[in-house]
Structure formats: structure tokens, C-alpha cells
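Straight from TrEMBL, the features:
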- 1-362: domain 'Amino acid transporter transmembrane' (DOMAIN)
- 20-40: transmembrane segment (TRANSMEM)
- 61-78: transmembrane segment (TRANSMEM)
- 84-107: transmembrane segment (TRANSMEM)
- 175-199: transmembrane segment (TRANSMEM)
- 219-242: transmembrane segment (TRANSMEM)
- 281-301: transmembrane segment (TRANSMEM)
- 307-326: transmembrane segment (TRANSMEM)
- 338-361: transmembrane segment (TRANSMEM)
Amino acid sequence: MDAVRALLGPKHVLISGIMQYSMLWGIIIGFTITAAISAATMKRSTCFHEKGPSAKCGVSGISYMLAFGALEILLSQFPNLEKVTFLSVIATLTSLAYALIALCLSITKFSIQHEAKGTIMVAMAGEGLATSTKIWRVFQALGNIAFSYTYSMLLLEIQDTLKSPPAENKAMKRVTLYAIGGTALFYTSLGCMGYAAFGADAPGNYLTGFYKPLWLVDIANLAVIIHLTVGYQVFAQTIFAINEKWLATRWQAPGSFFNKIYTVRFQCIQNYSFQLTPSRILLRTGFVVLTTLVAMLFPFFNAILGLLGSISFWPLTVYFPLNMYMVQAKIKRGNSKWIMFQVLSLLCLVVSLVSAVGSVADILEHLKHAQLFHIDL
């Protein structure tokens, strides 16, 4: 938002802020859904292992979602979690672990089948599905891909932590090339191998499609839960900060109930202590409760991610960065580079629109058969 204010002016700040914080909240909702699905998958895998693959092992994810929300309420009361580097390290390692396991399991399943179940011909994918449904799912898939671009708004935050020399922009270009190139190659391989292994029946979360070996699948799902538990706070702390700052300006009176500071001391942990305020307790608890309720209302993994990706992709990844660059580089309206950027922006806007339509269509289809506050695997 500060970069937008500096380069595009204050009139763009409100829009960028609404989009950015809405996206952060949407990611957290997705975290809540995914963590519950992973926990329920571990329970179901154990059931299949004990009773056999033909057993009825329906598992409800609501209880796991409530447990995840309760844990996040507790963690949310600890200040400055977004500044704890160790949390980011844990999130990175666990993310790599479950993605690598999913890739290996997909390759193994594909090699056993000796044939690819997936096809690039949309009209031939998924027997018994209407052509319109297939098209909506393709559009939704574009939203799922666009969701991966949510990292873009973190690049400025990362660059802000770099020290010079070398120049921050030069170091950032090199890091971005290597990191995004490697990540794209890895996850594209995972997506392609998963589709080859499952075809049109590929689950939104590949790990829910595997039950053997039990120990390896459980490790992957546990890594997902750990990753999302710590990642939730990294994103949520930003939302907490701006809302608590706003509350502080509204209730500035000395001794105000909302701003009164209470210190909690733990003598058994080297005199460790941390401070609490009623505003923090009420605001953060209310936020986590609201997030959990929304996640329980719309527990549609792929459709939610697709909608979030489609809504945020064009404004946060394309429109604002391109316009900021054109202002900074003093690119004049009408020259070849300006035209090229406008065409690129228009194409990305079309991707956002069609992926949003596909995701909404899928959500409406799920709502026809879904029960509120009820998640079954």
C-alpha cells in the first residue's frame, strides 16, 4: 500500500488495501479448510488401513476445523509472530515435504498403471459429465493456477528486508528468477504427474487420493497441518495489526477499556511474560471465530481457491505492478511498451473474469448438494 501511495497516489490506496487484505483473509479461510481436510484424511486413511479398502470410512471434518480454530485463537494472542523467522522456516520445510511426497506418490501410481489417465482434450475428460461442466472446471482451474500468484504482494516486503550492497533490486531480480523458476518447475511437475495418475478424477488435494503407504501419507498430511498452523499466523498478524491500529485511534482516551494493558508472567519459563489488551483478545478471537464459520459454510477446496485466485490475480499481480512500473520508468502513453503492457493487462483481466465465472459456477453446483456446517470425505 505504501508503494502504491508513493507511485500512483492516494486514490488507489483504498482499492489496493481492500484487495490485499481481502486476499489475506481469503488465504486464511483456505488454510482452515485445507487443515481440516488433511486431519480428516489422516483419520480416514487409518480406517482404511484397519478395516480394508472396501470399508465405509466417512469422516466429518467439522470437528477438526473447530479444533484448528481453537488452536489459532490461542496462538493469535502471542504478539509479533509474523517476525519469528523460525515459523517461516518451518512453513517452508513442511511445504516442501508434503509436495515432494505427493509428487513421488503420483509418479509411483502412474508407473504402476502404465498409462496416463489424463488427457489434454477437455471434451474427452470425465465420462458422464456435461460439456458445460467440463468448461466451467477448466475455467476454475485457471483460478487455481492464478491463486499461486498470491506470492507477488510479498516480493516488496522481502526486498525491504535486503541489505546493500549489492543493490536490493539486483539481488531481488536474481532471487526471484531462481526461486520462482524452481518453484514453477516443481509444482508444474506435480500438477502434470497428478493429472496423469488420476485423470479427471484428480482430487483437489492430491493427498486425499492416497492411502498407502499409510505412514508416508500421514507424514505428508501432518506436514500440511503444521505448515498451515504457522502460516495462518503469518498472514493473520498483518490483519490484526491494521485493525488494532484503527481501534487504537478510535479509543484514544487514557485508561480506555480497550487499550488497557495486562501483563501475564510465567515464572517457570525464565520469567517470561507477554502483554494482553481487551482489544487484542476480543478482536483476534472474533476474527478467528468468523473465519472458521465462513470456512464451515463454504468447505469447497478447489472452488474457493479458484475464486480467490481469480479475484486477486489481475489487480494485485498485474494492474497495480504494471502501472507502478510504468510511472517509475516514465513510459509514455502510446509507445510500443505501453501498448504491450495494456494488451498483457487485458489478457490477464480476461483470465480473471472467466476463472471467477468457473469458480462461482462450481460453488453453486456444490451448494445444491452441500449441507451447512457439514464436511464429509
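From the backbone N, Cα and C atoms, a Cβ is placed for every residue, glycine too.
Ranked by number of Cβ pairs under 8 Å to the transmembrane segment (307-326), the listed stretches 20-40, 84-107, 175-199, 219-242 are led by 20-40. Sequence-distant contacts of the transmembrane segment (84-107) (same chain, at least 6 residues past either end, Cβ-Cβ under 8 Å): 186-187, 189-190, 193-194, 196-198, 206-207, 210, 216-217, 219-221, 223-224, 226-227, 230-231, 233-234.
Away from its own ends, the transmembrane segment (281-301) comes close to residues 25, 28-30, 32-34, 36-37, 61-62, 65-66, 68-69, 72-73, 76-77, 204-205, 236, 239-240, 243-244, 247, 258, 362-363, 366, 370, 372-373, 375 of its chain (Cβ-Cβ under 8 Å, at least six residues beyond either end).
Under 8 Å from some Cβ of the transmembrane segment (219-242) lie the Cβ atoms of residues 21, 24-25, 27-28, 31-32, 34-35, 38-39, 41-42, 45, 68, 71-72, 75-76, 80-82, 87-88, 90-91, 94-95, 97-98, 101-102, 105, 207, 280, 283-284, 287-288, all in the same chain and six or more residues away from its ends. With a threshold of 8 Å between CB atoms, the same-chain residues lying at least 6 positions outside the transmembrane segment (20-40) that come near it are 1, 59-62, 64-65, 67-69, 72, 150, 153, 205, 207-208, 221-222, 224-225, 228-229, 231-232, 235-236, 238-239, 242, 291-292, 294-295, 298-301, 304-305, 308, 311-312, 316, 375, 377.
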